[in-house]
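Remarks on the structure that follows.
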Amino acid sequence: MSVTTQQPAVVPLPSSPRLPIESHAGPRSTQLPPSPPETVNGDDPKSITSTPAEPDFPLPPPANPKPQVLDIDKPTPDAHVPRDPRLIRLTGVHPFNTEPPLTDLYNEGFLTSPELFYVRNHGAVPEVQDEECLDWEFSIEGMVANPLKITLRQLLEEYENVTYPVTLVCAGNRRKEQNVVRKSKGFAWGAAGVSTALFTGVVMKDVIERAKPLRKAKYVCMEGADKLPNGYYGTSVKLNWVMDPNRGIMLAHKMNGENLSLDHGKPLRAVVPGQIGGRSVKWLKKLIVTAEPSDNWYHIYDNRVLPTMVDPDEAAKNPKWWMDERYAIYDLSPNSAIAFPAHEEKVVLASAENSYNVRGYAYSGGGRRITRCEVSLNKGKNWRLANIDYAEDKYRDFEGRELFGARLDMDWRETSFCWCFWNLDIATAELRDANDILVRAMDEAMCIQPRDMYWSVLGMMNNPWYRITIHHEGDVLRFEHPTQPALIPGGWMERVKKAGGNLTNGQWGEQIEGQELENTAVEEVKEIKMTKDGVNRIVELDELKWHESAEYPWFVVNDEVYDGTSFLEGHPGGAQSIISAAGLDASDEFMAIHSETAKAMMPAYHIGTLSPTASKQLSLEEPTSKQASSSSLRPTFLDSRTWSKALLSSKTKVSWDTRIFRFKLDHASQTLGLPTGQHLMIRLRDPVTREAIIRSYTPISQISEQGFCDVLIKIYADAPGREGGKMTKALDSIPCGHWVDMKGPIGKFEYLGKGVCSINGNERRVRSMKMICGGSGITPIYQVLRAILQDSADSTHCTVLNGNRLEEDILCREDLDRFAEENGERCTLVHTLTQAAEGWTGRRGRIGEELLKEFCGTEEDGLVLVCGPEGLERSVKGLLSGMAWRDDDVIFF
């Protein structure tokens, strides 16, 4: 197959020596105010309209030393990805979501190196070897007359390749400001979630044309290779945008002249200029032409600006908000930020220059040019024009030139795909008399940044005026930006909010002249106090580690230190739950699993606060193990103190709402290491908020099985008026081949065999067990029952009361019925249904007083095991107490 596109003769640009890159960070000549701005002055030798004899457009920054795989990434699924340590991690260690320091980003100039380019990853980075890249294949399917499968090799050989600069921006850029006002569902981006590169590839229009879209096709859905909790990442754009050459939507394989790096989509990604970065799918595997927008989970539940009155609870309860395509984000809005003065930068007046060059960036979307940037020193009462450097326009002067092995495709374009840099000299004396510096930008659609924030539940597209404050400290001016990214403290917004200022009062939380200070919190957060008043002890890491033992276990939740010693006996999950957390940060597990009641108990065990140094050291010690290497094969998989990675290898449908999930362990001869009657924890992360979802499960596979474990899980889907289960929905949506974290064992009960069990470490002999369960609560009951009945020498008698709604809801029924049939003298099995069909011959109704009195009378050396929905457990507890069962004889899983 060949391409016969008519093109001008290509004249390669010189590749060596590298052309100098114009600095955008240096001082400018003083013009107060410039009118018109210098960038539209045709006589300026730097003017965009000049036609130089030699290329003078920006080329990539000088290459940095090749990054290495960082120690912090080695225990994660991204252990194969080299990274720059300067990047600021926004979601902890993994997944990798980062932005560079704002000053470093600006100082690199118009083009950003791949090492400093911001990264948004929803999960693990696909592992692609260099030798596999040319054979990387993606499909074009759906509403097309000619479905195609194309390799990267074919893109290089059979299609015209082009190069042009594009700025990519995360829709969450500047979200931290929204999170300070009111917590959104998104993590805390600063103002550096934006970067620019020269991308090389094939215009998507060329490949879609060959597939011949059908008449009613309207969208192009894209899907990547990154496996996530809710399926592969995917989204869509309109087909007519793809087919519009002015939009410049590209299938890119190079970035700044180098093959894409792993974090940036190696070996192939979409690049959608002028739109949020979430539309530029990385690790591209599918283009699907459709009549409707994408139904991918990430297209629907991410990258939306819901109406400001929709709070997180309403958004969670009503899926209709997410389904409305009007709220989906595509084109970027005008935005700008100040890079210099930097946060906490100081100017000593006695030795300062006469003027300071205030400077930063601005961008807009949809191909629209930023037409003005304005700066104010008096809270927006007066504005002055800043100079603007449109470095992107310098590429337009070169027709028929080659750059990075492809045609530089800019000479005919009138759209603007890139950011611009603005600057303005301000007299130092004026800064001395001012309290803040504001900047705002306007694009050619006359759309201007607003003064006030538009808060939304995902915190996206935040673009109010960017403001830095000026503190007068004697002879020194100190500058303060609004926030710092991630969990880094600092910024005037946090300071004002802590002082009681209302950040939405139209004056950035400051007192309005003539009015009393408004001391009203924007949002009343119902937060349970988990610390004890008067406890000021600072705990260092060494002291915490002295208490890793089972005898005196200390643990950490949100940087606060707790002594669990006195609760070892009373913990509902058993002493092991506390011992396993000893000396560790248990924040994820504790916050995800425990109720408000449990949180309210915490002040009684609070003994101190981690020092900042200890907190940082502990965060770097996240004990997560990947699958074992062949040189260190562990005989058992589970570790009570370490999260281990298990691979989802298959899903087996048991009923309409129940699946058996098979997880592959490290190696074929490895056992799970879970005692009978105990549980393991499974951890996934919410793809939007990155908060940990952790739940306890009991596998149904034999404890002696090697190489895998099977977990039976009932899926609680969303229903009208009821939100489904976070974890079960996430597990149901992840594809085979996805990793999950596991930790264990946990639980206070263990069956040792032949009537002997251990409760909180104390052995006890029993002659009978009453097992009461409902729904998926059968799993721990099933595990103990099977262990007893498989041992012919075990004389323990078991009575099982199993409650369900419908006959098809009875889980493990075949095995349960077989156990009862083959062991009639040792096992009594009673099924009861609340919505039984007409032909049902078993019991009807809930497990109530009648059944309990008939089958669960008190016995010497008897024990009751209960597992089921909260309502069942609460009811059974009260009824058993009324039947004279002692609390010590009733175990709730």
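FYI, residue positions are counted from 1 along the chain as it appears here.
Just so it is clear, glycine is given a Cβ too, placed from its N, Cα and C backbone atoms.
On a predicted model such as this, the values are computed, not experimentally measured, just so you know.
Annotated features in Swiss-Prot:
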- 1-83: region 'Disordered' (REGION)
- 55-65: compositional bias 'Pro residues' (COMPBIAS)
- 71-83: compositional bias 'Basic and acidic residues' (COMPBIAS)
- Cys170: Mo-molybdopterin binding site (BINDING)
- 536-611: domain 'Cytochrome b5 heme-binding' (DOMAIN)
- His571, His594: heme binding site (BINDING)
- 641-752: domain 'FAD-binding FR-type' (DOMAIN)
- Arg695, Ser696, Tyr697, Thr698, Leu712, Ile713, Lys714, Ile715, Tyr716, Lys726, Met727, Thr728, Ser776, Thr779: FAD binding site (BINDING)
- Leu863, Val864, Leu865, Val866, Cys867, Gly868, Pro869, Glu870, Gly871, Leu872: NADP(+) binding site (BINDING)
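Features as recorded by Swiss-Prot, highlighted on the structure.
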| residue | record | CB count, 10 Å |
| --- | --- | --- |
| Cys170 | Mo-molybdopterin binding site | 24 |
| Arg695 | FAD binding site | 19 |
| Tyr697 | FAD binding site | 21 |
| Tyr716 | FAD binding site | 17 |
| Met727 | FAD binding site | 22 |
| Ser776 | FAD binding site | 23 |
| Leu863 | NADP(+) binding site | 23 |
| Leu865 | NADP(+) binding site | 24 |
| Pro869 | NADP(+) binding site | 14 |
| Gly871 | NADP(+) binding site | 10 |
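Annotation note: Pro869 (NADP(+) binding site) sits in a coil segment as assigned by DSSP. In this structure, the residue listed as 'Mo-molybdopterin binding site' belongs to neither helix nor strand by DSSP; it is coil. Around Leu712 (FAD binding site), the same-chain residues six or more apart in sequence whose CB sits under 8 Å from its CB are Val654, Thr658, Arg659, Ile660, Pro699, Ile700, Ser776, Thr779, Leu811, Cys812, listed in sequence order.
Taking the Cα atom of each, Gly871 (NADP(+) binding site) and Arg695 (FAD binding site) are about 18 angstrom apart. Taken residue by residue, the domain 'FAD-binding FR-type' (641-752) breaks down under DSSP into 8 helix, 57 strand, 47 coil. Assigned with DSSP, the residues of the compositional bias 'Basic and acidic residues' (71-83) fall into helix, strand and coil as follows: 3 helix, 1 strand, 9 coil. Lys714 (FAD binding site): 18 other CB atoms within 10 A of its CB, across all protein chains.
Counting residue by residue with DSSP, the domain 'Cytochrome b5 heme-binding' (536-611) contains 29 helix, 16 strand, 31 coil. Distances between the Cα of Tyr697 (FAD binding site) and those of the binding-site residues Cys170, Leu865, Pro869 are shortest for Pro869.
Here the candidates are the binding-site residues Leu865, Cys867, Pro869, and by Cα distance the one nearest Met727 (FAD binding site) turns out to be Pro869.
Listed in sequence order, Ile772, Cys773, Gly774, Gly777, Ile778, Thr779, Pro780, Ile781, Glu873, Phe892, Phe893 are the same-chain residues six or more apart from Cys867 (NADP(+) binding site) with CB atoms under 8 A from its CB.
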